[in-house]
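Colleague: My structure is below; once you've seen it, I'll send some questions.
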Amino acid sequence: MKLRRFAFPLFGVIMLALPALPVPDFWITQAIYIGLYALVALGLVLLTGVAGLTSFGQAAFVGVGAYAAAFMTVKLSASPWLALLLGVGLAVCAALVLGAITLRMSGHYLPLATIAWGLALYYTMGNMEWLGKYDGILGVPTLQVFGFDLGTGRGLHVLVWAIALLAALGCANLLDSRPGRAIRAVKGGATMAEAMGVSTFRYKLVVFVLAAVLAAVSGWLFAFFQRTVNPTPFSIGKGIEYLFMAVLGGVSHVWGAFLGAAVVKLTDDQLQVLLPKLIGTSGNFETIVFGIVLVVVLKYAPDGLWTFVARWLPREDRPRDWADAPALPARDKPARGQPLLQVDAVRKEFGGLVAVNDVSFELRAGDLVGLIGPNGAGKSTTFNLVTGVLSLTGGQVRWRGEAIGGLPSREIARRGISRTFQHVKMIPEMTVLENVALGGHLRGQCGTVRAMLRMDRVEEKRLFAEAERQLARIGLADRMHDLAGNLALGPQRLMEIARALCTDPALLLLDEPAAGLRHQEKQALAAVLRQLKDEGMSLLLVEHDMEFVMGLTDRIVVMEFGTRLMEGTPAEVQASPAVRAAYLGTEH
Ligand SMILES: Nc1ncnc2c1ncn2[C@@H]1O[C@H](COP(=O)(O)OP(=O)(O)OP(=O)(O)O)[C@@H](O)[C@H]1O
């Protein structure tokens, strides 16, 4: 039985029907808490688990939603739905400001900024006269929907769980979409994502804002559930607890948010009763116990408790429903022999070190050029100058006549230059097909909201059809449903080539594609590259393996100590005493 397909709808139906069943009120209350917490943890799954960004300040966004609800309905007697708009609007603005300041920078800036935001908001809420200081705002009315009073029990449970389940569905849809693949790519570092045309800053901001919105909605519901708000539930400590739920449940799984919220809420209650009995005194000891539990869980299940549930829900192959999908738009390809890439006296200095010293070479459409040289010769730096990963110190790179030096990688990708990486960069937990479809990012345009509402299926089919076509082109179509992380290095490198081809490039740059491959894998790779050349593709190959390059390329540029030592046919390079000396390290 396709367990996975039925498990989630069944879970949804059970949770929504719970109030109609003879379940004690105590458990309905617990379930409301779990639904509210899961909404916040869901945002953290996207933010921390999927995009690799850490926020300690989600409780403050919950506070924004809760205070907006309380202030608007109690002090201004306004509609709760207007309060929802205000709460979400404020959370979006705060997330945009925080994100715009911190998300361009890597490292610890975002976590620190979210701590500062959490603390600032907590003290603001606690010190503002008009927000009731630490006593907060009392007497929040209950919610009315179509004239029906939801109260604080069974009625509200339905609304909380309907929103939480819809949010989970939206997030699951998002993760399985064009923007979702871009968000997943962000976690592995910006270089690969940007090379596939993804604006990493934009998608980080999207996820940060989405997580803030989910938290604010949870806060808005919380106010009508508690019927009073004060700063305590929105402290930085609670922010850490939300993170705890996401990590414990399974930080990269949508449903892990629900599991984490349930485990933390139920264990917290039990511990509050049990611990004073066991140790004879009360205090916040449950936090210490949680810390220990977290360490133990992460030691045995680094992906959280969801790992244990996922074992019962085996992964299914994606149904192949794209057979009739029309092809994606393709760019005009240059005619064979047309000038494509001109590297004109490019220079790169790292402090006092001149890594690339006024190097020039040219590549025409249909060429297969090798860039070789001993360790530290400056090949990778040249490669990174061409692909926009590094900025030029001097010189210029021209693409079909246009100066592209200084453009970001994604703009260079947009113009038709695609690349692979010396150390394979992929999303191991996605399938081969999905990894390759990431290469088609710039050829689609479906945005986050459309993806969450599943209005992107036509475009998705076109992207998967293209991804399968490129996999077939390099002979890897039979592995398309495998997880990319399960492939050996050889097929992983081929997958990277398919992903680069999926961008519809006019020039393919390969960074040491043969490194670490076994003899047979090298032969398979060489066959693929020859076939691509025969199909008219232009290639620039940075390579260490002389034998591999000699048998494959039309022309070779040899670098040594950052300069261009010579350029010629493989035979000329092989015959050159200067090249031999450079490789053997002797004087010439
Ligand atoms: N980010 C950096 N900061 C400082 N120095 C760097 C940086 N990147 C490269 N270099 C230096 O620039 C020189 C050229 O390095 P590069 O990696 O381009 O050589 P390579 O020919 O690709 O070598 P390999 O074949 O070992 O990869 C080396 O001396 C290297 O140490």
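Glycine is no exception: its Cβ is also placed from the backbone N, Cα and C atoms.
No curator has checked TrEMBL annotations; they are predicted automatically.
TrEMBL feature annotations, pasted as is:
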DOMAIN    341-586  domain 'ABC transporter'
TRANSMEM  32-52  transmembrane segment
TRANSMEM  59-76  transmembrane segment
TRANSMEM  82-101  transmembrane segment
TRANSMEM  108-125  transmembrane segment
TRANSMEM  156-175  transmembrane segment
TRANSMEM  205-223  transmembrane segment
TRANSMEM  243-266  transmembrane segment
TRANSMEM  278-301  transmembrane segment
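Any idea what these are sitting next to in the structure?
Modeller: Away from its own ends, the transmembrane segment (59-76) comes close to residues 40, 82-84, 86-88, 90-91, 94-95, 114, 117-118, 120-122, 125, 130-131, 136-141, 211-212, 215-224, 228-229, 231, 233-239, 241-242 of its chain (Cβ-Cβ under 8 Å, at least six residues beyond either end).
For the transmembrane segment (82-101), the residues of the chain that approach it from at least six positions outside its boundaries are 57, 61, 64-69, 71-73, 110, 113-114, 117, 204-205, 208-209, 211-213, 215-217, 219-220, judged by C-beta separation under 8 angstroms.
Residues 8, 30, 33-35, 37-38, 40-42, 44-45, 48-50, 54-56, 58, 164, 168, 171-172, 175, 290, 293-294, 297-298, 303-307, 309-310, 429 of the same chain sit 6 or more residues outside the transmembrane segment (243-266) yet have a Cβ under 8 Å from a Cβ within it.
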Colleague: Could you tell me what the rest of the chain brings near the transmembrane segment (278-301), counting residues at least six beyond its ends with Cβ under 8 Å?
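Modeller: Same-chain contacts beyond the flanks: 244, 247-248, 264, 267-268, 271-272, 307-308.
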Colleague: Under a Cβ pair cut-off of under 8 Å, which of the recorded stretches 32-52, 108-125, 156-175 contacts the transmembrane segment (205-223) most often?
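Modeller: Looking at each of 32-52, 108-125, 156-175 in turn, the most contacts to the transmembrane segment (205-223) are made by 32-52.
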